[in-house]
Amino acid sequence: MTDRPFAALILAAGKGTRMKSDLHKVLHPIAGKPMLGHLIAAVDRLGAARKLVVTGAGREQVEAFVAPLGVEVATQEPQLGTAHAVQQGEAALADFDGDVLILYGDVPLVPAETIRRMLDRLQGEDAPVAVVLGFRPDDALAYGRILARGDGAIDDMVEYKDATTEQRAIDLCNSGLMAVRGRDLWRLLAQVGNDNAAGEYYLPDIVRIARAEGGRSVVVEAEAWEVAGVNSRAELAAVEAEWQRRRRLAAMADGATLIAPETVWFSHDTMVGRDVVIEPHVVFGPGVTIEDGVAIHGFSHVEGATVRTGAEIGPYARLRPGADIGEGAKIGNFVEVKNGRFGKGAKANHLSYIGDADVGAKANIGAGTITCNYDGFLKYRTVIGEGAFIGSNSALVAPVTIGDGAIVGAGSTVTRDVEADALAVARGKQESRTGWAARFREAMKIKKAARK
């Protein structure tokens with residue numbers, strides 16, 4: 001359905017004092033993306049015609065974040081309640097001929113599908129003025145209550161502070177999220193007063209005003225997790241945990257095996273293929289694609305990387321941005337790859353740093369190999385050819401190219417290109433002195449005894 005255009009109006013004017021942070025509350029991340037970013041992504045998926053954020057304290061941070069996202073900004077100063085906050089969008093949206101969706105920047109998990117249900121209900125045959133998103137929490141706490149009939153029609157909405165004992169016994173609570181016909185919203189807001197316990201202008205009052213005019217408002221219900229809000233670090237952690245729990249379930253439903261799901265942490269954009277096995281304590285940062293049949297062993301950290309079909313990562317491996325691990329390749333324990341490409345079947349099994357490098361198919365990188373890619377000012381690239389073998393404890397000083405099939409002897413420091421199928425050995429000549437160690441020990445014993 002959702003035929004009429006809609007504008008998303010996101011409220012983000014709160015001071016967020018309980019977060020005790022210099023970062024604006026709505027910019028704190030869930031799964032690596034700011035909370036506000038999750039909401040913008042959701043309404044973008046539904047094709048929002050306009051997007052507007054109402055902010056107050058710390059607005060410069062919010063403005064900087066939304067500037068490249070096609071989002072307009074309005075300011076609420078001072079903060080006089082939710083109805084007053086929505087009113088700050090009138091100047092931008094007064095001529096908008098569509099519906100207005102009201103969201104909260106600190107309620108980041110509401111799915112696009114739930115938003116669609118709200119907008120579709122607003123276009124129902126009974127033509128409601130407003131659709132309110134309600135939920136039934138395990139503990140209603142101090143949420144506002146929705147007084148609704150069996151068909152979802154709302155008789156009244158009341159803030160907890162102003163509710164009677166009987167009203168507080170109702171378990172249908174107001175999430176604050178609402179969809180309103182734009183042609184009615186501003187007129188209704190103009191009639192909202194502040195004769196209540198807090199002296200604020202409450203958005204839910206428009207439901208009562210519309211009903212007095214003969215208009216109808218209805219409730220659509222959501223699961224409690226969808227409308228969980230964040231006002232403290234503890235609540236931020238709880239919302240993160242819920243997001244991760246659901247993402248893990250989705251990964252397993254799509255054909256991945258998570259040995260200990262509760263220990264795997266995804267980013268908002270992690271892509272995981274089928275028949276992937278992820279062992280305990282794996283962390284995915286942003287920008288990761290894991291193709292089919294990959295094994296990621298425990299305690300590995302992957303960000304900004306692509307791992308191709310059948311590759312094996314870890315344990316204790318780190319893939320940094322720009323890492324591209326080829327089909328059937330192996331990145332082993334305590335190996336770090338940054339901006340490095342590994343060809344099909346290439347291996348770096350132990351204790352290596354491979355940065356700004358191209359590693360050819362079937363190449364074998366020995367333990368302790370370091371690509372020396374930085375001189376303190378600029379980065380340089382290392383190219384290792386197909387089938388090359390790099391001996392243990394080697395340093396490859398970039399820019400340098402190791403040809404196809406070449407062998408670098410263990411312990412070498414390579415500063416010049418090595419041609420294909422050549423052997424390069426770059427280390428000091430070994431010297432052995434017969435009996436020297438025994439003579440040294442005896443001399444040192446005498447010296448030590450003389451000091452007593």
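Counting begins at 1 with the first residue displayed.
Cβ coordinates come from backbone N, Cα and C, glycine included.
Cβ neighbours within 10 Å of H350 (active site, proton acceptor), excluding its own Cβ and spanning all shown chains: 15. Under the heading active site, proton acceptor, Swiss-Prot lists H350.
In this view, G81 (UDP-N-acetyl-alpha-D-glucosamine binding site) is surrounded by 19 other Cβ atoms within 10 Å of its Cβ, with every protein chain counted. Annotated UDP-N-acetyl-alpha-D-glucosamine binding site per Swiss-Prot: 11-14, K25, Q76, 81-82, 104-106, G144, E159, N174, N231, R320, K338, Y353, N364, in sequence order.
For D106, N231, the entry in Swiss-Prot reads Mg(2+) binding site, with the evidence type sequence analysis. Residues near N231 (Mg(2+) binding site) in space but far in sequence (CB under 8 A, at least 6 apart, same chain), listed by position: G16, R18, M19, K25, D106.
A simple way to gauge crowding: the CB of A367 (acetyl-CoA binding site) has 19 other CB atoms within 10 angstroms, across all the protein chains here. Secondary structure from DSSP puts A367 (acetyl-CoA binding site) in coil. If you look up Swiss-Prot, you'll see A367, N373, Y374, S392, A410, R427 marked as acetyl-CoA binding site, on the strength of sequence analysis.
Model confidence over the region 'Pyrophosphorylase' (1-233) is summarised by a mean pLDDT of 94. The region 'Pyrophosphorylase' annotation in Swiss-Prot covers 1-233.
According to Swiss-Prot, the feature region 'Linker' maps to 234-254.
Per Swiss-Prot, region 'N-acetyltransferase' is recorded for 255-452.
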* **Nonlocal neighbours by CB distance (under 8 Å) for R427 (acetyl-CoA binding site), same chain, sequence gap 6 or more** => G409, G411, S412, T413
* **CB within-chain contacts under 8 A for N364 (UDP-N-acetyl-alpha-D-glucosamine binding site), separation at least 6** => A346, K347, A388, F389, I390
* G81 (UDP-N-acetyl-alpha-D-glucosamine binding site): which of the recorded positions H350, A367, Y374 is the nearest Cα neighbour? -> Y374
* Asked: For Y374 (acetyl-CoA binding site) and R320 (UDP-N-acetyl-alpha-D-glucosamine binding site), what Cα-Cα distance in Å is obtained after rounding to a whole number?
  -> 16
* To do: Would you count the other CB atoms within 10 A of the CB of L11 (UDP-N-acetyl-alpha-D-glucosamine binding site), including those on all shown protein chains?
  => 27
* By the DSSP assignment reduced to helix, strand and coil, which category contains E159 (UDP-N-acetyl-alpha-D-glucosamine binding site)? -> coil
* Long-range same-chain neighbours of R320 (UDP-N-acetyl-alpha-D-glucosamine binding site), Cβ under 8 Å, sequence gap at least 6? -> E303, G304, A305, E336, V337, K338, N339
